[in-house]
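See structure below.
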Amino acid sequence: MHYQHRFHAGNFADVHKHVLLCALLRALSRKDSPWAYVETHAGGGAYDLADEAASRTAEFHDGIARLYARDDAPPAVAAYLEVVRTLNAHAALRRYPGSPRFATHYARGSDRIVLCEREPAIAATLKAELAADPHVAIHQRDGYEATALLPPREKRGLVLVDPPFERPDEFDAAAAFLERALTRFANGVFAIWYPYKKRFDTERFLRRLRRDCPREAINYTLETGAPSAGQMHACGLLVVNPPYSFVGEAEAALPWLAQRLAQGPAAAARAEPWRPGKP
């Protein structure tokens with residue numbers, strides 16, 4: 001049974017990841033030259049928050065539902081909310097965009113989107129949803145094979161690595177992918193999402209990345225402060241080669257998010273800069 005994101009769509013981790021994704025895409029779009037967006041584990045284009053799966057877990061109630069009606073958000077969060085509201089035709093919250101929808105929202109005429117999705121049914125759904133978009137190419141393949149697509153012909157762009165973490169070796173596979181990808185696209189922006197479930201595994205993964213990453217990076221984490229009870233209560237997004245204009249937007253957004261997504265007194269957001277060769 002493969003991972004099904006519809007149970008978790010719009011939760012706190014999606015909000016954290018997609019706010020930062022919007023800020024990255026906005027930063028890339030500040031230059032006129034075209035960019036490429038490559039996603040290794042694309043998932044679905046959109047999720048119905050009223051379906052049985054989302055209703056059963058109701059994780060979105062502690063995520064997007066807390067923010068959807070707010071009008072006091074900092075710029076990165078406001079931009080993110082605009083994408084979600086556009087998908088819902090600025091009506092009540094019913095649908096939540098997957099990462100590909102954020103990319104298509106920001107893609108300009110000459111920009112290009114390459115989506116990899118291994119699962120046949122999900123890839124077919126994604127093709128049906130986005131087939132009419134001229135910016136998008138969809139590959140039904142293992143996302144870790146996306147190194148073959150690098151560097152993009154645009155010579156600038158963003159690679160989102162967002163695996164389901166269902167494989168026992170997922171942390172190692174994601175780290176190995178980043179190492180290979182950076183040898184092919186050293187100046188590219190990379191964003192690697194990861195969960196905090198088994199803290200030892202996550203910290204081992206981060207130590208490996210910090211030791212081996214040859215480029216500047218910032219590790220963004222969000223802790224909700226919820227009692228774990230076997231559930232994910234924290235996550236991170238490591239951004240390699242962060243664009244200058246992105247950094248300020250992210251720093252303004254994260255404390256605001258942590259306060260409004262808090263589920264306990266230990267809630268916090270952190271941004272930890274990494275320098276090459278400094279463990």
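Note: Cβ is positioned from N, Cα and C throughout, glycine not excepted.
Just one of Glu117, Glu203, Glu216, Glu223 is listed by TrEMBL for the same S-adenosyl-L-methionine site as His18, His41, Ser99, Asp142, Gly143, Asp162, and that one is Glu117.
In the shown protein chains, 25 other C-beta atoms lie within 10 A of the C-beta of His41 (S-adenosyl-L-methionine binding site). Of His18, His41, Ser99, Glu117, Asp142, all annotated as binding-site residues, the residue with the shortest Cα distance to Asp162 (active site, proton acceptor) is His41.
The sparsest Cβ neighbourhood within 10 Å, among the listed recorded positions (Asp142, Asp162), is found at Asp142.
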